[in-house]
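K.L.:
Have a look at this one before I ask anything.
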Amino acid sequence: MSQSHVYPVNPEQASHSLIDKAGYQRMYEQSINDPETFWGEQAEQFLGFFQPWSKVLSGDFSKADVSWFKDAKLNACWNCVDRHLPQRADQTALIWEGDDPADSLPITYRDLHLAVCRLANVLKQRGVKKGDRVCIYMPMIPEAVYAMLACARIGAIHSVVFGGFSPDAIKDRILDSDCQSVITANQGIRGGKVIALKDNVDKALANCPNVHSVIVVKRTNAEVSFKQGRDVWYHDAIDQVDDQCAAEVMDAEDPLFILYTSGSTGKPKGVLHTTAGYLLSAAISHKYIFDYHEGDVFWCSADVGWVTGHSYIVYGPLCNGATSLVFEGVPTYPDASRFWQVIDKHQVTIFYTAPTALRALMSMGNEPVQATSRQSLRLLGSVGEPINPEAWEWYYNVVGEQRCPIVDTWWQTETGASMISPLAGVTDLKPGSATLPFFGVKPELLDADGNIITGAGKGNLVITQSWPSQIRTVFGDHQRCVDTYFTAYPGYYFTGDSARRDEDGYYWIIGRVDDVINVSGHRLGTAEIESALVLHPKVAEAAVVGFPHDIKGQAVYAYVTLMLGVEESDALRKELVAFVAGEIGAFARPDIIQFAPGLPKTRSGKIMRRILRKIAANETDNLGDTSTLADPSVVEQLIANRHNR
Ligand code: WT7
């Protein structure tokens, strides 16, 4: 990368950023060399405790067995709400912006406190206790945030399921963590379209006998069916309870939430995060990466159904007493100016979104951006997938008018908070690079034999020591946590990503090295889509890979072998696409289905995905070694019939 591609920190920004380059260096070194002193001091600054810890860090990282802030007592909801009441009861905590531009609502910290207390009391009244799991399946409305915080307040563990998941996917997640209560809405509205949330929940619950309580927010006027004794309207229930509810005293290592995410094998994993470490990482990263100052209006455009929404709509900003914008809609409704109109309307100062949204908007030209002012903006962020330099430049030049630094934040559901990212106003930027590690994060690149690569180079990205918001376990299956993250390279946390490090020590995330794909920022396991396809009675076998897509980043390419005698047709293709949407969710729909009478397999029967990936990407001139294939002629057939032309 040539030096002309470096965007040095602009001196004006540097003059009011929280720290400078030397400050970052000093804090970073302390965080790595003396993590206990560093994190102890940060915990005192960022969190309020009911009882102090006896030891900052203990346990064995290599066994995924760590404990942060042993014996400390606190409550995450209290930290995000009650703690702020003395100084900021009248400050806006949440700005809700509805799907319809005519709908918006400011919610103060006082309002938030009362709403959360009421819902917490409803949960208690309906038998939810500390340690119980609660499924939240909601549109992007304030009640989604209330629901998360109400769970945290009484010590229940929330499991938010993204509103785009199908009934089957909801059912799997409810059963896996044995959620006995659900909080949902009758319907959701996104981009002018209605989403049948309560219907989906009802379908899911047909196979979830343990669920005894469903609380339903009335988002639209639509009637929905209610099961007597099990279902209640949110508005009726909160009317009948007190608006005060003491926050439960929780241990630092008590679980805060479970969030399901896809891996390369098996069913989605319930990633479990605990209270103190998670909250501290969310808060400190929100402050330093986004150079958060009092008075900022912070907007993370993610959905609370993903970890980005957990950490940067809810826990990070609210823990810091910020104003956080909750957006119900989509970037292109009613038109392609929507993001920028919302920024003007609410005077957003910090905006955090995904490359896929930027690429989609970029393809619609500059006019929808330039029709708005965006003068309030001082900082931009990117998350979820590598941002290609073209999209970065567009974001920087057109959206930010060369005034706003871009923080490209690399992290994962499992890491809880950003791990590699610039600090706004501190780090010089290179388009496409997530730059340098955050406090407490010590990355390394390993070669195929597990040796550490020093200096510039490329390898598998691992983290070498514990950080406060690291995954604690996979719910109900600790061995799976150890096997997935701590076994490939003993002693290290393996991210599943590969990366390059340049001469300046900057990291460039290349992408997943496992069978996980990233479609429009949604993480999908190819194995999950394959399992869905083979459930269809006409499908004998399926192999799914990702292929490059201009807007989505990656798209889904499915090779499908039909049962003997089943006729190939476009109608069947459509049927299979709809079938996957029904099994997982619309966002997992294959973009291309190629009927494949044979798949490239080794003599031991293993599908050679490397070859399938190349055919899907149209890179067929260099397929590599195919001599181990049981039947090499299969490959020519697949190439002749490929669909991505
Ligand atoms: C995977 C994690 C981070 C929260 C949202 C996604 C990819 C994420 C970046 C980035 C390049 C990125 C990685 C990672 N990823 N951020 N800034 N640059 N790649 O969380 O669903 O758990 O997905 O997203 O491949 O492993 P997730």
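Backbone N, Cα and C atoms are what each Cβ position is placed from, and that goes for glycine too.
Straight out of TrEMBL:
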BINDING   Arg190, Gly191, Gly192, Lys193, Thr308, Ser520  CoA binding site
BINDING   Gly384, Glu385, Pro386, Asp408, Thr409, Trp410, Trp411, Gln412, Thr413, Asp497, Arg512, Arg523  ATP binding site
BINDING   Val534, His536, Val539  Mg(2+) binding site
DOMAIN    24-80  domain 'Acetyl-coenzyme A synthetase N-terminal'
DOMAIN    83-465  domain 'AMP-dependent synthetase/ligase'
DOMAIN    528-606  domain 'AMP-binding enzyme C-terminal'
MOD_RES   Lys606  N6-acetyllysine
K.L.:
How far is it from Trp411 (ATP binding site) to Lys606 (N6-acetyllysine), counting Cα to Cα, in Å?
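P.N.:
Given the Cα positions, Trp411 (ATP binding site) is 31 Å from Lys606 (N6-acetyllysine).
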K.L.:
Just to verify a number: CA distance, Pro386 (ATP binding site) to Arg190 (CoA binding site), in angstrom, no decimals.
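P.N.:
Counting only the Cα atoms, the answer is 26 Å.
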K.L.:
For Val539 (Mg(2+) binding site), which residues of its chain lie six or more apart in sequence with Cβ-Cβ distance below 8 Å?
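P.N.:
Same-chain residues close to Val539 (Mg(2+) binding site) (Cβ under 8 Å, separated by 6 or more) are Leu533, Val560, Thr561, Leu562, Met563, Leu576.
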K.L.:
Around Pro386 (ATP binding site), how many other C-beta atoms are within 10 angstroms of its C-beta?
P.N.:
22
K.L.:
Just to confirm my parser: what is the rounded mean pLDDT across the domain 'AMP-dependent synthetase/ligase' (83-465)?
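P.N.:
Taking every residue in the domain 'AMP-dependent synthetase/ligase' (83-465) and averaging pLDDT yields 98.
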K.L.:
Around the recorded Mg(2+) site, report the further residues of that chain (criterion: Cβ within 8 Å of the mean position of the Cβ atoms of Val534, His536, Val539; site residues excluded), sequence-ordered.
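P.N.:
The answer, listed by sequence position, is Ala532, Leu533, Leu535, Pro537, Lys538, Ala540, Glu541, Ala542, Val560, Leu576, Phe579.
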K.L.:
To the nearest Å, how far is the Cα of Arg512 (ATP binding site) from the Cα of Ser520 (CoA binding site)?
P.N.:
15
K.L.:
Provide the number of Cβ atoms within 10 Å of the Cβ of Gly384 (ATP binding site), excluding the reference atom itself.
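P.N.:
A count of 23.
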K.L.:
Under a threshold of 6 Å between Cβ and any atom of ligand 1, which of the binding-site residues Arg190, Thr308, Ser520, Val539 are retained?
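P.N.:
Thr308, in sequence order.
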K.L.:
May I ask which of the binding-site residues Thr409, Thr413, Val534 is closest to Thr308 (CoA binding site) if we compare their C-alpha atoms?
P.N.:
Thr413
K.L.:
Just jot down the residues in the same chain as the residue listed as 'N6-acetyllysine', at least 6 apart in sequence, with C-beta under 8 A of its C-beta; none if empty.
P.N.:
none
K.L.:
Between Ser520 (CoA binding site) and Gly384 (ATP binding site), how many Å separate their Cα atoms?
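P.N.:
Checking the Cα atoms of Ser520 (CoA binding site) and Gly384 (ATP binding site) gives a distance of 9 Å.
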K.L.:
Can you name the binding-site residues among Gly384, Thr409, Thr413, Val534, His536 whose CA is within 10 A of the CA of Gly192 (CoA binding site)?
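P.N.:
Of everything listed, nothing lies within 10 Å of Gly192 (CoA binding site) (Cα to Cα).
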K.L.:
Just checking a number: largest C-alpha distance across Arg190, Gly191, Gly192, Lys193, Thr308, Ser520 for the CoA site, rounded to a whole Å.
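P.N.:
Binding-site diameter by Cα atoms for CoA: 24 Å.
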K.L.:
At a 10 A cut-off on CB-CB distances, which of the binding-site residues Arg190, Gly191, Thr409, Arg512, Val534 has the highest count?
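P.N.:
Output for this query is Thr409.
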K.L.:
Per DSSP, to which secondary structure element type does Lys606 (N6-acetyllysine) belong, with helix, strand and coil as the options?
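P.N.:
Reduced to three states, the DSSP call for Lys606 (N6-acetyllysine) is coil.
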K.L.:
Work out the three-state DSSP category of Lys193 (CoA binding site).
P.N.:
strand
